[in-house]
There are 2 protein chains.
Amino acid sequence: MLTFIGLGLFDEYDISLKGLEAVREADLVYAEFYTSCLMGTNPEKMEKLYGKKVHLLSREDVEQQPDWLDKAKDKNVAFLTGGDTMVSTTHVDLRLRAEKLGIETHLIHGASIASAVSGLTGLQNYRFGKSASIPYPYESRRGAIIISETPYDTIKQNSELGLHTMIFLDIDKDKGYMTANHALELLLEVEKRRGEGIMERAVAVGIARAGSEKPVVKADYAESLKDFDFGNPLHILVVPGKLHFLEAEALVKLAAGPGKIMEETE
Amino acid sequence: MLTFIGLGLFDEYDISLKGLEAVREADLVYAEFYTSCLMGTNPEKMEKLYGKKVHLLSREDVEQQPDWLDKAKDKNVAFLTGGDTMVSTTHVDLRLRAEKLGIETHLIHGASIASAVSGLTGLQNYRFGKSASIPYPYESRRGAIIISETPYDTIKQNSELGLHTMIFLDIDKDKGYMTANHALELLLEVEKRRGEGIMERAVAVGIARAGSEKPVVKADYAESLKDFDFGNPLHILVVPGKLHFLEAEALVKLAAGPGKIMEETE
């Protein structure tokens, strides 16, 4: 049996009672923290809480040679991830491989940044369109720095429909956790190139350390927000579309947003 | 202090360790279960786990006369809801009122159906567009039965963009929990009227009792799925847009979907 367990957002105490019980009952406990991770804890603290050894898996362990998966054929194996479980494509692929091996799979859900963002910002979940991801720029073979324009296009498409865009920021083994500031710089760089005015006048909302005791939620015009100090990772970014009055009020009062946005609501 | 705590999806053991600790430390515990609820438990079981009296609030208690809110001025008050916290507009409004009264607010997140649906179906969260809600039909003053066409329009808009649509089903004090079957009937009724072919050829995925030991996840063409027995509530529905190969495979292998959808992937 393989049980996928979502650990929630920030530290080892974000796991559900159900999840903790399943970890404690497991014969073997594996975890991967490259698709997402919990900034408020570490494997040692988790092991202490669980009373269990936690085996950390690399991307290769999960995606290429899941030898450890075979053990779930006759053992009770728990597979831990940050946030909710099975949200990453990799996990779906893993679950399909497990089923192919005749392994029974179960899911135990955890809090996800996708819904936490609604709660923290006051932006309503049914007013979000397709979400976007901002990857780190990379160098082409000819030495040019390539900045993806896909997130800009997604914001544009949502914005035309009046919808908010949630933007996941890159986690890179070498370059680290992308900040909301860096993400805004990249979007404004694309704006400069494309000149379609999508980001120029846009309000953005940055969120840092969701799920912690003191998350930071700050709304401002993108141009100003890019210089705001959000503190430690993880960060996530939202570019709101058309705002309802209540949403604008929430951004002003709960996220110290510019009062002017109250004048442009639906 | 007012702490909003999301209880997660199904029963009293879906609360996080952090949430449970906050409930146990609270002076007063309130809960509302009209925007969402946990089908696998009841207030008595929750009280037993918490070692605390849980005061149930009606819609009026929450939205119109939040006298209980005043108590959070000098007491440590916990406010419990199903799913993640603060996802409903009502909760945002409540938080704004609390802040206006000078009450410090905190959020403790729980698992949400919005991300659980991705995990359970294998449909990728970044490929969902705007979500929809299907309300119960109502009788107009002239006695005509009015079926909302908004969900149909949302599915159409997302479908044109190749995106999936998550559809929340009505919870009504008198009419009860809308089933996935009823929701599909309503969508097919609108299809008959509009004849735009959005639902006719559509695959849909119904999910029942997410977060429970044995959730039901079933994919099929809408016309057939409307007769499938999903069992007890809560139900939720997804109408997928364009499918990636891995998503189609997940629907076939994990949700007993029709094999034919594997031929129409991206």
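Each residue, glycine too, has its Cβ placed from N, Cα and C.
Now, the feature entries from Swiss-Prot:
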- B:L9, B:D84, B:V87, B:S112, B:I113, B:L169, B:A210, B:H235: S-adenosyl-L-methionine binding site (BINDING)
Local backbone state of B:I113 (S-adenosyl-L-methionine binding site), from DSSP in three classes: helix
Among the S-adenosyl-L-methionine-binding set B:L9, B:D84, B:V87, B:S112, B:I113, B:L169, B:A210, B:H235, as the record gives it, the longest Cα-Cα distance in Å: 18
Chain A, Cβ under 8 Å: which of the binding-site residues B:V87, B:L169, B:H235 qualify: B:V87
For B:V87 (S-adenosyl-L-methionine binding site), the number of other Cβ atoms found within 10 Å of its own Cβ: 26
Cβ neighbour count within 10 Å of B:I113 (S-adenosyl-L-methionine binding site): 23
For B:A210 (S-adenosyl-L-methionine binding site): intrachain residues, at least 6 apart, with Cβ closer than 8 Å: B:L9, B:F10, B:I113, B:A116, B:V117, B:L120, B:L234, B:I236
All-chain count of other Cβ atoms within 10 Å of B:L169 (S-adenosyl-L-methionine binding site): 22
